[in-house]
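What follows is a set of notes on a single structure, which appears directly below.
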Amino acid sequence: MANEPSFAQHLRSYITGYILSVVLTLAAFAAVLTIGRENKSVLLLVALLGIAQLVVQLKYFLNVTTQREYRDNLALVAFSTLILLIIVLGTVWIMGNLAVRMHATM
Amino acid sequence: MNLSSSSKSPGSIGNAHEAAHRDPAVVIFGFWVFMMSDLIFFGVVFAIYITMVGATAGGPGPKELFDFGSLFAQTMLLLTSSLTVGIATVTMRHERSRASFLFWVVITLLLGIGFLTLELYDFSEMASKGGVPSRSGYLSAFFGLVPLHGLHVTFGCLWMLVLIAQVFTMGMGQVVKLRFLRLALFWHFLDLIWIGIFSIVYFGGWVYG
Amino acid sequence: MSATEHGWLGKLSWESLVFSNFLESPSINEAVASAAGSLVILASIAILGLLTWYRLWGPLWRDWLTSTDHKKIGIMYIVFAIVMLVRGLLEGMVMRAQQAAAPDGFLHADHFAQLFSTHGTIMVFFVAVPFLVGLINFAMPLQIGARDVAFPVLNQISLAVTVSSGILLMVSLVVGQFSTGGWSAYPPYTGGDFSPGVGPDYWIWAIVFSGAGTTLTGINFTVTVYKCRGPGMHLFRMPLFCWTVLCASILMIFAMPPLSVAALMLGLDRYLDFHFFTNDLGGNMMNYANLFWLFGHPEVYLLVLPAYGIFSEVFSTYSAKTLYGYKSLVIATMCIAILSFTVWLHHFFTMGQSPTINIAFGIATMLIAVPTGVKVYDWMATMYRGRIRFTTPMVYAIGFLILFVIGGLSGVILANPTVDFQVHNTLFLVAHFHNVLIPGVLFGILAGYNYWFPKAFGFRLNDKLGRLSAYLWFAGFMLTFFPLYVAGLLGMPRRSFTYADLTFKPYMIVAFIGAMVVLAALITLVVQFLVSIRDRHKTRVPVGDPWDGRSLEWASPAPVPAYNFVELPTVTDRDEFSEAKEHGRAYQRPKNYRDIELPKNNPLGFILCVTSGILMFALVWYIWWLALISALAILIAVIASTFRKETEYIIPASQLEKDTEAWLALVEKSEAVSRDLEDSPRNVGYSKLEL
Ligand code: HEM
Ligand SMILES: [Cu+2]
């Protein structure tokens, strides 16, 4: 680990991640509490803010970046995300469709 | 495809004294793989929650049960603890004093306990409004998912206690350091899951329920 | 549901013992149950007695139960799987007898239901998985030139919880009744309203604990293959078996969680009155079906991929040719692994979702046939113009090739939703999955057993009896399961303990005869084992390479020393050991001897095996104080083990030198035999170069 970042650099990375996360969290709460009362599409915004925060924390806290050193982790996370999406979206698709056809509330 | 560059295997493997399984890169990567398995575990429970948002069976739903003030406080506690565990990692990696390292670990632990206390308080509030898992499919799904995360946090706190004990009994050697690195990863990971919980479970449930 | 309803032993009482039913109302049904229970007890007593008589407790403890050596853990997995295999097969035969005797069978409906539930659960979770995990544990680290798996103690823990779950299933034969809900345990039938007994709880905890073990194994193997390969062992130089292990391990990591979630949620429904899958209050059992098969389909590929790997090794070794289309096999394996996550709905085409969804999943299912077809052609091309020897593993491999294709084709038929609507839940399905599981997985396992046995124990298995067993397996399998295709098309439902329509009867009788042939095959297997032990002095292969092997596991003596390799080999090519033999790099003296560090013995695995077994039993029977104590014991044992400081021991260079010089001297004076003499006593594991 020759080009290990300095103490201050390291610390700065965590603090940047923290500040960005706080901002994104505040934005999500604010969005839901203001527009969320009548408008369901606020969830789209919440989703975007959530994904942004995931990316921020992955980068600044968990060091999942495209840097060579961390590429194994990146590949692992990407593959896991693929499987996660297949499982979650597939489940929602199937069960949602079933609910519609059974006139059930879902 | 070569041996991954982040592992220092090529040099160390010929050296009979450095058994491969003690290579830090291997240990950390193994923990990542574990977390990804856990991620799928959470993901499946999330999926079940999504399919059950409407299944309140006439019982109380998100609109009656959720307390966003407390949710915000929990979110901030957990997020801040993710920062403090990060600071502890930095002090450890840069060989700062053991006291400052322990200080940040203890702060993290306290924040974690604070989070758990608030969460439990929330659950008891919900229960007093009739929000118990045996009431409906929806509440079963809620109580299948959010306490699962809480259980992980509890486990993380326990792990932290054990590590604090080991700092004293075993010293800050490589073994303890590696364990702490994994704990920090775990802790950050739980904060990632929490983003999903407040976005999907609380906000999603509230908007759609 | 609270503890107050029961005494301090929870739901447990004298009536729970299987024998009490027999004494109260003797019948053949109860006699079969009591006989099975007695068998478990007698066998346990016999084993304990023999161990004491021969004073084997010490060696057992030191050399096996506390060992962290991947080879020994692998062998323990296999021993466990063989015990469970015997039970599972016997259950299959009892069921075949019942259906052959029907309409006047000798079993009650409930007993029959327990039989297919335990049979299915055991065969999948306690035979196929642990046998494969055992073989992988034994062979994979050797093949990639490593000293051990990435996490040896974790390996021990995986074994521990798998075995304790298996023991729990054995206990269910004696105390209480197992679930009657099939291996898939669909609620609401398995929920508290319809199955108030302990049966489903036995199933749930066995699945949760063994599932955790399998997940940890998957993590361990993935990291081992990905990060612990020896010098020069690039991914694309690995033997194909290791590729299939990597893909199967990835399936373990990602496919086990849905099962654990499903089983735990079912447990929450049963224990704490949750409503995930109940009929009332918003529960939805379809969620269970969805979860179960999110696991279930990847599971079958988790089983068959390593078997493909074994067959690849076998085809190439016994054809004395490098594997044809290595890259295409690797890519096909990866495609299958990923596709296997996209087809789960074909297990519930009839649930009621739209035709669009059915078509999408039907097409995805059929797609899997493509990479599988690629593999079949590659294997055939590997044999083409090879120096083929019809040894036992090769016989299994060829039987696999023919029979598995038939099973695969019946799968493609079932992938068509319109067809599936007709034969869903009939014996056609039972025929299909046995047709892929037996020729695919079981034959793979048995081929691997015959193939690697000499490496593990230093002597060969009797090949004649091995082949006889294989042929009996083929005949027995075909007689048992081909009639079921017809009976299924005629409409006979699966899981029926009796039937009124006598059209089915002839098929059931043929199937029973087939099951008896399978029994003969099983007996032959046991005889082969005993005869081989008797004749071991004539079949020793100390040099270590009886089949002119191509990969690194054959480069060391047999049995393999604890440290695997004196000096980790530097790999320069695929089929590394073949290359080494050809270019005179095999059997070389290491440049210098250096100490080797290995993980020490660790009692943690054994402790967890006992405590987790007690925990599961206590949970099944609602003995809360015991559950609490054993759970705490588990926690304390794990935490305490992290305080251990000395976790490694050293094998001194002098010891290595002594071992290696002795072995090299042996190589020197041994005769290199040609492939014609593979089965003769002259084969001491030193293969002649035949180019
Ligand atoms: C050759 C010996 C075997 C025989 C005679 C046999 C027999 C049977 C029978 C009679 C059933 C019940 C069918 C029904 O539902 O009507 C069954 C079910 C099943 N078998 Fe086998 N079997 C054998 C081997 C295997 C193997 C090797 C495996 C797996 C590796 C396996 C896995 C299963 C499964 C998963 C079920 C479904 C259980 C359920 O319905 O829940 N069997 N078998
Ligand atoms: Cu399938």
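Glycine too: its Cβ is placed from the backbone N, Cα and C atoms.
For C:31-54 (among others), the entry in TrEMBL reads transmembrane segment.
Taken from TrEMBL, the feature domain 'Cytochrome oxidase subunit I profile' covers C:55-572.
The transmembrane segment annotation in TrEMBL covers C:75-95 (among others). Sequence-remote contacts of a segment are chain residues at least 6 beyond its ends whose Cβ falls under 8 Å from one of its Cβ atoms, and for the transmembrane segment (C:75-95) they are 32, 64, 107, 112, 115-116, 118-119, 122-123, 126-128, 130-131, 133-135, 137-138, 159, 162-163, 166, 169-170, 449, 456, 515-516, 518-519, 522.
Within the chain, the transmembrane segment (C:157-178) has long-range Cβ neighbours (under 8 A, six or more residues past its boundaries) at 12, 16-18, 33, 36-37, 40-41, 73, 76-77, 80, 83-84, 87, 110, 114, 117-118, 121-122, 125-126, 129-130, 133, 197-199, 202-203, 205-207, 209-210, 212-214, 216-217, 220, 604-606, 608-610, 612-613, 616-617, 620-621. Taken from TrEMBL, the feature transmembrane segment covers C:157-178 (among others).
If you look up TrEMBL, you'll see C:202-228 (among others) marked as transmembrane segment. With a cut-off of 8 Å between Cβ atoms, the residues of this chain six or more beyond the transmembrane segment (C:202-228) that come close are 117, 121, 125-126, 129, 133, 136, 140-141, 144, 146, 149-151, 154-155, 157-162, 164-166, 168-169, 172, 176, 178-179, 181, 185, 190, 238, 242, 245-246, 248-253, 256-257, 259-260, 263-264, 266-267, 270, 612, 616, 619-620.
According to TrEMBL, the feature transmembrane segment maps to C:240-268 (among others).
Under 8 Å from some Cβ of the transmembrane segment (C:288-311) lie the Cβ atoms of residues 124, 128-129, 132, 135-136, 184-187, 239-245, 247-248, 251-252, 254-259, 261-262, 265-266, 276-277, 333, 336-337, 340-341, 343-348, 351, 375, 379, 397, 400, 433, 436-437, 440-441, 443-445, 447-448, 451, all in the same chain and six or more residues away from its ends. Look at TrEMBL and you will find C:288-311 (among others) tagged as transmembrane segment.
Per TrEMBL, the feature transmembrane segment maps to C:323-345 (among others).
Summarising the annotation, TrEMBL assigns transmembrane segment to C:357-374 (among others). Sequence-distant contacts of the transmembrane segment (C:357-374) (same chain, six or more residues past either end, CB-CB distance under 8 Å): 325, 328-329, 331-333, 335-336, 339-340, 342-346, 349, 408, 411-412, 415-417.
Per TrEMBL, transmembrane segment is recorded for C:395-415 (among others).
The transmembrane segment annotation in TrEMBL covers C:507-531 (among others).
According to TrEMBL, the feature transmembrane segment maps to C:601-618 (among others). Residues 10, 61-62, 65-68, 153, 156-157, 159-161, 163-165, 167-168, 171, 205-206, 209, 624, 626-627, 630-631, 633-634, 637-638, 641, 644, 647 of the same chain, all 6+ positions outside the transmembrane segment (C:601-618), place their C-beta atoms under 8 angstroms from a C-beta of that stretch.
Annotated transmembrane segment per TrEMBL: C:624-643 (among others), in sequence order.
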Of C:31-54, C:323-345, C:395-415, C:507-531, C:624-643, whichever stretch has the most CB pairs under 8 A to the transmembrane segment (C:240-268):
C:323-345
